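Q: Before I ask anything, here is the structure I am working with.
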Amino acid sequence: MDRVSWRTQVLSNHLVHHQTTSDLSPNPCLEFSPPEISECFSFDVKQMRNLLDVHNLPDRDWMFGVMMQSKLFNPVQSGGRVFVSPDYNQSMEQQREMTMKRIQYLLDNGVFKGWLTDNGIEAAWRKFALFEAIGIYDHSLAIKIGVHVFLWGGAIQFFGTKRHHDAWLKITEDYAIKGCFAMTELGHGSNVRGIETVTKYDSSTGEFVINTPCESAQKYWIGGAAKHATHAIVFSQLHINGKNEGVHAFIAQIRDADGNVCPQIRIADCGHKLGLNGVDNGRIWFDNVRIPRENLLNSVADVSVEGKYLSATNDPDKRFAAFMAPLTSGRVTISVAAIYSAKVGLAIAIRYSLTRRAFSLTPNGPEIQLLDYPNHQKRLLPLLAKTYAMSFAANELKRIYMKRTPESIKTLHVVSSAFKATFTWHNMRTLQECREACGGQGIKSENRVGPLKSEFDVQSTFEGDNNVLMQQVSKALLSEYIAAKKRNKPFKGMGLEHMNEACPVIPSKLTGPILRSSKFQTDAFCLRERDILNRLAAEVSHHEAQGDSKEYAFIQSFLLAEDLGRAFSEKAILKSFMEVEDSVPSGPVKNVLGVLRSMYALICLEEDGSFLRYGYLSPENAGAVRQEVKKLCSEIRPHALALVSSFGIPDAFLAPIAYNWVDSNSWPSVQ
């Protein structure tokens, strides 16, 4: 057939109707069927939630109720349910004002009572619980509160002494003043030692004088500074008699009671952001601003009336460490918030995947639920297992923080740094996968996953850039290694005690039962950390032998340092998971935890190239790991609804797509 004839036949086929012998017939309209009808709960969801949330469950539920009762939290009817979430159609200015109105509402309802004035352990746990529930609603609201209470208020608590506590804590708790935390500068973020703001002491007046000497020294990204903050904790280099005594913290008023910017202070708005537009981030310049001598937060060092510098230690490194130690609270709260964000995303995406169907295997056959596709299971269920593991680890991090002592500060710093980086990276990866797993519905702001991505993206860089934090983790482990070798004594602390024992041996052939055994999983994770630490020490030593400085040698070894940070973090998470699993009596909950723990361990083995790169796994064994992950997905699948229900997040804090998405998108819903 020539081309003209062929084109004629094609056009004819388009225009002329032909009868078909196909037995395909139109499917009836889709109807939403709640997953609870077909999915059974094989374990006690309340028991599982107790393991996940651990403390103050009634306080959490009360906090959810407080928010659901007010129109300030933007209740919206959809699909026969009421959902609460911020209105992201609002302008930046409107979002900021709504954040302040919500804070006032929470204040009026007694939410912040005792947050800074009650030093009891029960009050501290309650504060954590309420703050976590608030963060599930809106990250901007949590950050705005966190800056005022945990950063400004925490600085007063930990850097200050009794005179500061008496003067500032109660009025901070009552929001009689509004505090911000002026550490970051245009030119310096993670490198706090390098900040350029300068403060000098004027003995003739008994005042400190704060100055921004250059544009790169302007305070930047200061939450609350652009509109609402009246006072700031200002981090600055302290110059006494021509000598720089290092970074210190001062209290400075930046606005009066009427909201007017104070003299010799300039403030500018950082402007619209990718997310967190309910927080008014600002920039601050100090033009020789004078503050009373008493406004130096002096728990670590002081300056006498005559201008003499006073400190219990002459070591500037120890002084700096003492100043930075209290800031671990920020990394703790960020770590926990990241996991709750991942829980919200997974609860929405998994509930949707249990009701949305696509394609059928036979003509006129029923379409298949998304979560019954093995590849969809592989996308979401390993992330679910990781979220469980990190939830248990986050609880352990809170316990370490609550029980902190001067001797445990270093461990707290290392663990909080590792978990902050690991958890926030995990959250962003989880939200992206959940967004994609929800298809076009994941794009809609009302379905929450997209806005959560924007709101939480900042976690990767604030309170310490994740990559920098992981370098600090590796550097601390290397220091412990070198110190132990020099002392010729066993390793003690930082979770390195396993290096005192014989090196684990991975079996040459890995079967399913071996891969699922806690002994194998522990051995594999310990072997990885042990070997990479040895390699890092050897590589740094090699660079030093070639004449490089210790600092430059470590920088040159960054690839191994990255591997070590990951190895440390994932091993610590696995340990926390196993401790929770061991605490549970035999029964359905323990059985499900065992499957989740194996999924967490094996997905880490599959995803980290170190296990193949350094020869801990052969290609054949790596293949066995991958196949076992696939089996574990099919075993977790029947528990998926129960596992996300165990998060304890009220329906109203999820999204329409998690429930009757047909009704919520029907024509009557837009009338």
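Keep in mind that glycine also has a Cβ here, set from the backbone N, Cα and C atoms.
Where the annotation comes from TrEMBL, it is an automatic prediction and has not been curated.
Annotation source TrEMBL lists domain 'Acyl-CoA oxidase/dehydrogenase middle' at 180-289. Positions annotated as FAD binding site by TrEMBL: Thr184, Gly223. What TrEMBL records for 327-478 is domain 'Acyl-CoA oxidase C-alpha1'. Per TrEMBL, active site, proton acceptor is recorded for Glu463. What TrEMBL records for 521-654 is domain 'Acyl-CoA oxidase C-terminal'.
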Q: Could you round the CA separation between Gly223 (FAD binding site) and the residue listed as 'active site, proton acceptor' to a whole angstrom and send it over?
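A: Gly223 (FAD binding site) and the residue listed as 'active site, proton acceptor' have their Cα atoms 12 Å apart.
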Q: Across all chains shown, how many C-beta atoms besides its own are within 10 angstroms of the C-beta of the residue listed as 'active site, proton acceptor'?
A: 24
Q: Could you tell me the C-alpha distance between Thr184 (FAD binding site) and Glu463 (active site, proton acceptor) in angstrom, no decimals?
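A: Rounded to a whole number, the Cα-Cα distance is 10 Å.
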Q: Counting by DSSP secondary structure, give me helix, strand and coil numbers for the domain 'Acyl-CoA oxidase/dehydrogenase middle' (180-289).
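A: Output for the domain 'Acyl-CoA oxidase/dehydrogenase middle' (180-289) reads 6 helix, 54 strand, 50 coil.
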Q: Counting across all protein chains shown, how many other Cβ atoms sit within 10 Å of the Cβ of Thr184 (FAD binding site)?
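A: Taking all protein chains shown, Thr184 (FAD binding site) has 21 Cβ neighbours within 10 Å.
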